[in-house]
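Annotation comment: TrEMBL describes 58-155 as domain 'Yippee'.
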Amino acid sequence: MLLRCFTCDRLCGGCTAPAPPAHQGIVLQPVMPSCDPGPGPACLPTKTFRSYLPRCHRTYSCVHCRAHLAKHDELISKSFQGSHGRAYLFNSVVNVGCGPAEQRLLLTGLHSVADIFCESCKTTLGWKYEQAFETSQKYKEGKYIIEMSHMVKDNGWD
């Protein structure tokens with residue numbers, strides 16, 4: 001079994017060497033190893049994402065690489081406008097990176113926002129509201145906008 005350390009993003013076979021100080025108290029997550037290309041059809045390596053959402057939840061994934069992005073339970077609103085079309089507001093997301101914050105004048109006023117991108121394929125997905133300058137918009141602080149054109153529904157949407 002391979003283990004992934006999310007502190008240094010390296011794979012480890014579960015060695016017995018003492019952990020470096022940065023790894024003390026870190027729980028290593030199991031990672032599916034890539035399959036052994038033996039005789040027969042070619043075998044593709046498996047993708048490893050930082051977080052997998054439980055299969056029992058309806059989820060949203062990156063349309064480009066299928067990395068999990070958010071649980072449906074974290075959806076706050078479907079009535080938002082992104083830079084390139086409709087967008088959803090989420091309370092929390094996974095497998096996304098965050099760029100530097102900048103001030104932008106949006107439809108609802110001045111906000112400090114940081115672009116967010118998929119950690120797997122690096123596609124810009126939307127933004128994170130860092131600060132709202134109008135009292136009526138404070139509820140958005142710390143929340144995430146993901147544009148619908150970058151998401152696909154997964155798991156149990158029948």
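Every residue gets a Cβ built from N, Cα and C, even glycine.
Note: TrEMBL annotation is automatic and uncurated.
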So how many of the residues in the domain 'Yippee' (58-155) end up helix, strand or coil by DSSP? 12 helix, 60 strand, 26 coil
Predicted model, mean pLDDT over the domain 'Yippee' (58-155): 93
